[in-house]
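Written out below as structure tokens is the structure these notes cover.
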Amino acid sequence: MGDHGTLARPAPNWPLVVGFLVLAACWLGPLPAMSRTAFSAHMLLHLGVVALAAPLLAIGLARAGLRVDRWRHNSAGIFLVFGAEMLVVWGWHAPPLHKAAALNVWAFVAQQASFLAVGLGVWLLGFASDSRRGLAAAMFGFFLTFVHMTMLGVVLIMAPRLIYPAELCLGAFGFEQLDDQRFGGILMAAWSGVVYLGGAVALAARLLSTGRQARA
């Protein structure tokens, strides 16, 4: 008997699987407990969610058929999502909210849920935009994300004293208190440069490619 009538088995959605594994490692591993007293651990947790798990999940969800057609060609909607991402990142790194998330479990849950939500929003828009207008808006949004996250990282690196309460920066990985805060800033600045500036460059390449195809 031939292969007639047999159904092809769908390929595993590896980005989605790996994204959930990364998210589980971030939230169920040692980082949440460490982040209560070490700023560098908090930053590893934050970046693991928004710049590692979120893009993998966005790729996987797009492969699974999720579409954001309502927003993908709407420049204002794209900028709204990127603006919300900036507010969430800067808001939760303001000393009062950072302290609340370190000391209160529900504030921590809200912090992590909002990190994942805006991270997914940013990356879904980046992967879903295929019109020239949508690509251009997403490219600019990724560049602005790179700029504002690098700025926050530089503020943390250059601060001459602790920005956050001393009990939240007791240090980890062998760092003293101020070095712990500065290492968190280095992580943010470096990671945003690789991930978000890299995303902007990739979108620029797609934009140029669609322009050449339109002229052909």
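For all residues, glycine too, the Cβ spot is worked out from N, Cα and C.
Long-range contacts of the transmembrane segment (12-31) within its own chain (CB-CB distance under 8 A, at least 6 residues past either end) are made by residues 41-42, 44-45, 48-49, 52-61, 63-64, 112, 116. What TrEMBL lists as transmembrane segment is 12-31 (among others).
Below 8 angstroms of C-beta separation, residues 13-20, 22-23, 25-26, 31-32, 35, 89, 112, 115-116, 118-120, 122-124, 126-128, 183-185, 187-188, 191-192, 195-196 of the same chain, each at least six residues beyond the ends of the transmembrane segment (43-62), sit close to that stretch. The transmembrane segment annotation in TrEMBL covers 43-62 (among others).
Under the heading transmembrane segment, TrEMBL lists 74-93 (among others).
The transmembrane segment annotation in TrEMBL covers 105-128 (among others). Among residues of the same chain six or more beyond the transmembrane segment (105-128), those with a C-beta under 8 A of the stretch's C-beta atoms are 23, 27, 32, 45-46, 49-51, 53-55, 57-59, 61-62, 66-69, 71-72, 78, 81-82, 84-85, 88-89, 92, 97, 134, 138, 141-142, 145, 199, 203.
Long-range contacts of the transmembrane segment (140-163) within the same chain, counting only residues at least 6 positions beyond its ends with a Cβ under 8 Å from a Cβ of the stretch, are 39, 78-79, 81-82, 85-86, 89-90, 93, 95, 122, 125-126, 169, 177-178, 181-182, 184-193, 196-197, 199-200, 203. Sequence annotations record features per position, and here TrEMBL assigns transmembrane segment to 140-163 (among others).
Taken from TrEMBL, the feature transmembrane segment covers 183-208 (among others).
The list of residues near the transmembrane segment (183-208) in space but at least 6 beyond its ends in sequence, with Cβ under 8 angstroms from a Cβ of it, reads 39-40, 42-44, 46-47, 51, 55, 126, 129, 132, 135-136, 138-140, 142-143, 145-146, 149-150, 152-159, 173, 175.
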